[in-house]
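Scroll down for the structure; my scribbles are underneath it.
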Amino acid sequence: MRQRIAVVGAGPAGLTCARVLHRHGRAVTVLERDAGPHARPPGGTLDLHEELGQAALERAGLLDRFRALSRPEGQAMRILDVDGTVLRDWQPRPEERANPEIDRGQLRDLLIGPLPVRWGHGVAEVGPPTRGGVPVHFTDGRQETFDLVIGADGAWSRVRPALSPATPRYTGVTLVETSLDDVDTRHPDLARLVGDGSLAVYGVNRALVAQRNSGGHVKVYAQFRAPLDWHTDPARHLGLSPRAGVDPADAAAVRATLLDLFAGWADPLLDLLRRGTAFAHRPIHVLPPGHTWPHVAGVTLLGDAAHLMPPLGAGANLAMAEGAELAEALAAADGFDDLDAAVRAFEKRTWARAGRWAAITTAGLERLVSADPAQAIALFDEVQPS
Ligand SMILES: Cc1cc2nc3c(=O)[nH]c(=O)nc-3n(C[C@H](O)[C@H](O)[C@H](O)COP(=O)(O)OP(=O)(O)OC[C@H]3O[C@@H](n4cnc5c(N)ncnc54)[C@H](O)[C@@H]3O)c2cc1C
């Protein structure tokens, strides 16, 4: 009898897992809360490491198409001082393919391909497993039973409570994201400033990062240490001049607050904020580094649902690697006992690797948004190939 496998979440983890299963001729049901692939903006750019994200795409048979879409020149990295002085300007060699960038939307479309994703299927709760399988309860009250439920539903996973009581905690660092469109024609000065890849500026307990996406789009991330509710009292929480609370949806008020927070930085850097359009708040949450759970037959987790960590270039890579590795293990399994053994072995392997990356990225965030900006430059020098 064929096993009924459900993947909850059509992010990098879930789609990679489903696509590799599909490649091996295994039936899989992808359940996604979003109403459709374009229901919300797809997000920024992702760098995919050769040994993680790219290896996963190879297992999905998609590496050649990734190479055609991705931007090796996006690996370029420039670090400026707050006065605009260039401190580092790293350019990849023409053949460098260690971490090319790809737009998140392009990656999603590449992974979806022929997969019949069930859009508009928000999962409310999973389990507990019974002899007949694992019940999945949807937000609209319906229910369906599977033999294996793979929770790839991100930071605030609804599958995770079936395995673990862990919940994400706030790191004390918030990102506020803004965007610039058509930079090459509308903002050529900022296009030159950002270059082909990323630009980063590190100050005391704050940083500004700008990343080029495809099509002349640039995403800008203002990063700072602040309590989660900083916007209710920016004067007290950010040490700014007296002012009323900020409505996070009020772009003009958020922009003005950020310009105050980054006051004294070089004008072209502040232009990245002045000319940004909408502002989205992304407080950085993490699961406890080294998060594991007692094995439960019929349910497992992938990606951020298993090991949410600071966004320092590892999360999507791990999510995809895990998706591909679990799918190959499941495809090779024969019968229900084999399937469970494959999941159990996968969990052991993946916990060890994710734990290492959680420790690296947690320590990295402490150094990148810190009281001593020299720490950020030192970190860059440690990880960047010369
Ligand atoms: C600003 C920023 C930049 C980043 N840059 C990088 C980078 O360069 N490289 C890198 O490796 N990582 C990066 N990351 C981290 C990366 O985005 C995540 O680690 C990655 O998206 C995790 O993939 P996932 O599939 O586990 O979860 P997600 O991408 O969160 O996908 C989860 C999916 O599940 C769906 N879902 C959620 N709840 C339900 C539900 N109840 N029912 C059904 N569906 C549900 C969601 O709609 C979503 O489609 C970055 C993160 C941020 C915030």
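Keep in mind that glycine also has a Cβ here, set from the backbone N, Cα and C atoms.
Database features (TrEMBL):
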BINDING   Arg40  NADPH binding site
BINDING   Asp47, Arg104, Asp304  FAD binding site
DOMAIN    5-191  domain 'FAD-binding'
Looking at Cβ-Cβ distances, which residues of the chain lie under 8 angstroms from the residue listed as 'NADPH binding site' while being 6 or more apart from it? Asp34
Most isolated by CB count within 10 A, of the binding-site residues Asp47, Asp304, is Asp47
Taking the binding-site residues Arg40, Asp47, Arg104, Asp304, which residues show a Cβ-atom distance to ligand 1 below 6 Å? Asp47, Asp304
Where does Arg104 (FAD binding site) sit by DSSP, helix, strand or coil? helix
Using Cβ-Cβ distances, find the residues under 8 Å from Arg104 (FAD binding site) that belong to the same chain and are at least 6 apart in sequence, listing them in sequence order. Pro42, Gly43, Gly44, Thr45, Leu46, Ala316
Kindly state the mean pLDDT of the domain 'FAD-binding' (5-191) in the predicted structure. 96
Need the DSSP three-state call for Asp47 (FAD binding site) to compare against my parser. strand
Any idea of the Cα spread of the FAD site, Asp47, Arg104, Asp304, as a max distance in Å? 16
